[in-house]
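These come from TrEMBL:
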TRANSMEM  12-32  transmembrane segment
TRANSMEM  52-69  transmembrane segment
TRANSMEM  76-99  transmembrane segment
TRANSMEM  119-136  transmembrane segment
TRANSMEM  148-165  transmembrane segment
TRANSMEM  171-187  transmembrane segment
TRANSMEM  194-214  transmembrane segment
TRANSMEM  289-307  transmembrane segment
TRANSMEM  319-336  transmembrane segment
TRANSMEM  356-376  transmembrane segment
Amino acid sequence: MKDPNSQYQIDYLLLFILFAIGIVSCCAIASAQASLPPFLQNVNFVLKQIQWYFIGFIAIGVIMIIDFDRYQKIAWYLYSFAMVLLIGLELQVPGAVTIKGATAWYRLPGIGNFQPSEIMKLFLIIVIGRIIANHNEKYFSQTIHDDFLLLGKIFATSLPPLLLIAKEPDLGNTMVISAMLAAMILVSGIRWRFIFGLVSATFVAGSTLIYIFFTHTDFFKAHILKEYQLNRFYGWLAPYKYDAQGYQLRQAFLATGSGEMQGKGWENGQVYFPEPHTDFIFTNVAEQFGFLGASVIISLFFLLIFRMIHIALESNDPFGSYICAGTIGMFTFQVFQNIGMTIGLLPITGITLPLMSYGGSSLLTYMIAIGFILNVRSRTKIFIFK
């Protein structure tokens, strides 16, 4: 029986967790400021981060007041817009910027660098969510043909942006999007034997790449992975053997381990590693605030992801549930990848720690993603009896 007085809900707990992460982020960036190179010392990254958080909360408010069905209606327009931006990077149109060998940004006067792959993650979640929702509404039987058809739609939509992002090259975001898609496929209703087949195919593809690397190394370097990407794997697998390639990981080991239980104290980081306020912010916290500080960050992300899973399970709108699944997959993988790369579990890929690292494009992307989750929650009606 439905409660006629059912009302929309605002998830204050999720907002509180987000606010807590924002405070920790600003404190971590402030503590890293003293470890930055001299030419960056005069830049107030904390103030910039606060400004981006302020913009992000405004974006969340705007997203929450818009009916969620509208996002489903304009999904293809959003996707097409992001595709145009990615194609522009491939063609290196005016405004495209190359940094460290990757053409992955546009320079916006008065704002800074803008990374289209970040908004593509959001828009791809929306358009894939629409594809799955519409497919499951149209096909009730879920036959073998239906499963193949849905997989075909998902791959046909996701492969073009994936290839463009990989070609920039941006291995980190390529991996994040792949994890995001995997999460959405898991909850799409596709039979488990097909999912097992996808996992098996991925394993075979990975084994094939390893075989090609050892038997046709020159071909692998020329057509599959760039030299600098391979260097990251060398540095990850044997950081003490490859001096230059393993430098970042060795420094991360030293900083994380030397922090011990309580850390070295505020602005007392003694181990130099590049970008302590962005990619390696977790390492900076582990050095200055020790195991306790690192545990606070991990606990906050655990609470954030757990809360998002709770919202996804309570949602009574299929499209909203798929949006939640994609967002959860995106968050979970990127948190695991960033922290994992700083402690040697995974190779260094250059992706940020969501909501924690300094960076406008990344921060705004994840704030908007949480805005979608809050929108799903606000339109989840509460019933007396289910």
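Cβ from N, Cα, C; glycine included.
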| remark: Among 12-32, 52-69, 119-136, 171-187, 289-307, the stretch with the most Cβ pairs under 8 Å to the transmembrane segment (319-336) is 171-187
| task | Could you pull out which residues elsewhere in the chain have a CB under 8 Å from any CB of the transmembrane segment (12-32), counting only those six or more residues past its ends? | result | 45-46, 49-50, 53, 266-267, 269, 276-277, 281, 284-285, 288-289, 296-297, 300-301, 303-304, 307-308, 311, 355-358, 367, 370, 373-374, 377
| field | In contact by Cβ distance (the transmembrane segment (356-376), the transmembrane segment (52-69); 3 or more pairs under 8 Å) | value | yes
| request: Might you confirm whether the transmembrane segment (76-99) is in contact with the transmembrane segment (171-187), defined here as three or more C-beta pairs under 8 A between residues 6 or more apart in sequence? | output: no
| message | Please tell me whether the transmembrane segment (356-376) and the transmembrane segment (119-136) touch - that is, whether there are at least 3 C-beta pairs under 8 Å between them, with each pair 6 or more apart in sequence. | response | yes
